[in-house]
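A quick write-up on the structure given underneath.
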């Protein structure tokens with residue numbers, strides 16, 4: 001039997017049949033600077049609770065897989081400098097080596113499914129990197145979506161990626177991407193990508209119904225619920241694209257590769273947008289947590 005350490009709040013939720021929403025920990029250790037990372041982690045948990053669900057931030061601590069963190073553990077991840085960034089492939093190593101590890105989308109999905117959590121809120125999924133024809137840099141998040149039965153509530157894929165190619169790979173893996181109040185794929189910082197989805201839901205009940213039906217007939221894959229960033233914080237697509245171009249040039253000049261690419265680009269985006277990207281990231285994370293809680297509650301009520 002897989003050993004998971006459930007926080008008391010999460011244990012109680014399972015025992016009482018309450019809805020639970022998974023949250024990742026990479027945003028704490030690798031996504032945002034301190035103390036902003038700690039504040040957003042606590043805010044996301046508060047948002048999930050306010051929406052009627054129980055938050056379960058997932059991480060590996062000294063080789064033990066935790067589903068739900070204390071405030072002290074969140075503080076540790078916000079300040080520690082030796083935290084591994086974990087995809088699915090890295091979980092076993094971190095456990096065996098007794099290391100601390102922050103979970104990416106892929107690792108969070110894998111552990112959430114083991115724990116029996118159906119809904120997961122994050123900022124944006126990984127995908128096919130620009131220039132992947134040369135580098136073969138494709139996020140493990142996409143493969144995980146193809147095999148883990150978890151609903152991922154996000155603002156689409158991160159806009160630093162090749163969004164059309166990312167959609168193609170998700171289609172290949174049998175992963176539906178459903179727009180929430182939109183028929184267009186959000187581009188993380190921007191509401192518009194120009195990529196039509198052809199699948200739309202307009203409220204938590206519809207989203208829960210779509211997910212429940214996919215669970216029955218989708219062959220075990222996950223689903224992406226793509227939520228546009230809040231209108232008041234969404235950035236102009238042309239402004240974002242120009243900043244991305246400069247950030248990618250910096251990454252190439254610095255020889256950044258592999259798992260370090262996304263954190264580097266997000267940090268460069270913050271500099272290039274003079275902090276606007278961080279404000280948008282924070283707003284969409286909170287918005288996604290709110291939607292995820294509402295969908296989790298709707299799922300619970302439909303049972």
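Even glycines carry a Cβ here, placed using N, Cα and C.
Site annotation for substrate in Swiss-Prot covers 85, 139, 140, 141, and the matching candidate from 60, 105, 169 is 105.
Long-range neighbours of residue 105 (substrate binding site) (same chain, six or more residues apart, CB within less than 8 Å of its CB): 24, 26, 120, 122, 125, 126, 139, 141, 144, 152. Of the listed recorded positions 24, 140, 141, 158, the Cβ environment within 10 Å is emptiest of other Cβ atoms at 140.
Note: residue 137 (Mn(2+) binding site) has non-local neighbours 128, 129, 131, 257, 258, 261, i.e. same-chain residues 6+ apart with C-beta under 8 A of its own C-beta. Annotated substrate site 85, 105, 139, 140, 141; additional same-chain residues within 8 Å of its Cβ mean position, judged by their own Cβ, are 87, 104, 106, 107, 125, 126, 144.
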